[in-house]
Amino acid sequence: MSISLGNAFIKNFLGKAPDWYKIAILSFLVINPLVFFFVDPFTAGWLLVVEFIFTLAMALKCYPLQPGGLLAIEAIAIGMTSPEQVKHELVANIEVLLLLVFMVAGIYFMKQLLLFIFTKILIGIKSKTALSVAFCFTAAFLSAFLDALTVIAVVISVAVGFYAIYHRVASGQGGSQTHDHTCDSDVDELTREDLEDYRAFLRSLLMHAGVGTALGGVMTMVGEPQNLIIADQAGWMFGEFIIRMLPITAPVFICGILTCIAVEKLGICGYGAKLPENVRKILEDYEAEERKNRTNIDNAKLIIQGLIAVWLIVGLALHLAAVGLIGLSVIILATAFTGVIEEHSMGKAFEEALPFTALLAVFFAVVAVIIDQELFKPIIDAVLAVEDKGAQLALFYVANGLLSMVSDNVFVGTVYINEVKAALMDGVITRDQFDLLAVAINTGTNLPSVATPNGQAAFLFLLTSALAPLIQLSYGRMVWMALPYTIVLALVGMFGIIFFLEPMTAMFYDLGWIAPGTIESATSAISSGH
């Protein structure tokens, strides 16, 4: 049946996305300029933020790059922000972009080692609760020294490997190397229930690991990009940063691990799914088969990948180079010493991260609108105007948390620390209050932001990864599964800010672990970030 040219244009627009979704995006594109020019640029700015969140929430209907990109292009075209401001945002976040381009590809070339290690862990630990705690704790520990995105890239890589192994067998193609694990049409009805249970099992492990990256990432100055910016503004070194955060991070970490145990035991919010016995048998058979067929060439590859893993951890922990450049070194070393020298063999490694890199560039265009239209200014001004110091600390934590749920936590943390730094330099607040506020900003941007994928880049990467549709992990499901953690982390963090922060900081001063800061010790350079 032939189709008219007009209908062909409509059908091609956003491809297989539902018609209602296409109409919604077109409506946004019509409404935004009208609101910007005839109502109020501030309102139009917030409208754009809400619309962009909508495209993220519908990630399984349509990858957010296309609809979000159209909204961003229009925003620049009508003057909500400028190409220069977008470029400034991209330059300021070049390390994150390099990380996505190179580090995620680097992890791809270490798949064999990761599957080897994690298969042993998955088969070795029979208790789902113990396994969940192991994933959460390991992710937290690694995120304290590495980047959360790198940790999530590792976990995603492992989960895709596990999923593909079972899916191949469930589809009756156990020996096939070219099996398509994204297609369920060959899955036997008897194994379909196991497949659903297995998906739920993998979803819960991924969410535990995702929250683990937030629990660990808040603790050290290298854990998250905004931590580095905050530490730089306050003039804190690695050890001092950890100690200053302890009144909040220690109780939050303990309660986070307890939450991990509780949700698994109670089976709430999508947790509690156990590894089906049939799947365990398949993974055990796979492991035995791999062990039997492993040659010296395979062993040599595993040894090389192990040595590269050591370099990766040492390089990142000591910050020997930008994360992305260390990732590039991993690609070069892993391919050179394992014999991957064809261009098409290398291309697959970049497939996972490049669409997300493009999406992040669009995200920074939205951040540019937030800056140019001063969308957060009323909130920041209101919090800074509060006289009571204790209330100001709590409000900073809450305001940071709420804004980090809708925007990038790096951006929110940077904006706030720069505003507080300006207040310190103008004599509006004391150095002691500045130090306490810096802790409130750091914990506020890192902890409550687990509520939605917008706040944590690692969560956003997980949501838009090739793995998410395989295990049916949608935006709504992520928010629902993160809910127990969001409540516990946000409330315990708030409790720590109100009751523990001031007395414990004073105690650390008395013990001589840290010294009270002076205005001179805070670096005067406003971060190059924003």
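All residue numbers here begin at 1 and follow the chain in the order shown.
Note that Cβ sites are derived from N, Cα and C of the backbone, with glycine treated the same way.
Quick look at what Swiss-Prot lists:
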TRANSMEM  13-33  transmembrane segment
TRANSMEM  34-54  transmembrane segment
TRANSMEM  90-110  transmembrane segment
TRANSMEM  121-141  transmembrane segment
TRANSMEM  145-165  transmembrane segment
TRANSMEM  205-225  transmembrane segment
TRANSMEM  241-261  transmembrane segment
TRANSMEM  306-326  transmembrane segment
TRANSMEM  351-371  transmembrane segment
TRANSMEM  393-413  transmembrane segment
TRANSMEM  455-475  transmembrane segment
TRANSMEM  481-501  transmembrane segment
Are there 3 or more C-beta pairs under 8 Å linking the transmembrane segment (34-54) with the transmembrane segment (306-326), counting only pairs at least 6 apart in sequence? no
Any contact between the transmembrane segment (455-475) and the transmembrane segment (145-165)? By contact I mean 3+ C-beta pairs closer than 8 Å, pairs at least 6 apart along the chain. yes
Report the listed stretch (90-110, 145-165, 241-261, 351-371) having the maximum count of Cβ pairs within less than 8 Å of the transmembrane segment (34-54). 351-371
Considering the transmembrane segment (351-371), which listed stretch of 121-141, 145-165, 205-225, 393-413, 481-501 counts the most C-beta pairs under 8 Å: 393-413
Recorded stretches the transmembrane segment (481-501) and the transmembrane segment (241-261) touching, at least 3 CB pairs under 8 Å: yes
Is the transmembrane segment (205-225) packed against any residues at least 6 beyond its ends, judged by a Cβ distance under 8 Å, and which are they? 93, 95-96, 131-133, 135-145, 147-148, 151-152, 155-156, 159, 231, 236-238, 241-242, 245, 248-249, 252-253, 256-257, 260, 270-271, 316-317, 319, 409-410, 442-443, 445-447, 449-450, 456, 458-459, 462, 467, 471, 473, 478, 481-482, 485, 489
Tertiary contacts of the transmembrane segment (145-165), defined by C-beta under 8 angstroms and 6+ residue spacing from its ends, are 96, 99-100, 103-104, 107-108, 110-111, 114-115, 118-119, 122, 135, 139, 179, 181, 198-199, 202, 205-206, 209-210, 212-214, 216-217, 220, 222-225, 282-283, 286, 313, 316-317, 323, 327, 352-353, 456-459, 461-462, 465-467, 470-471
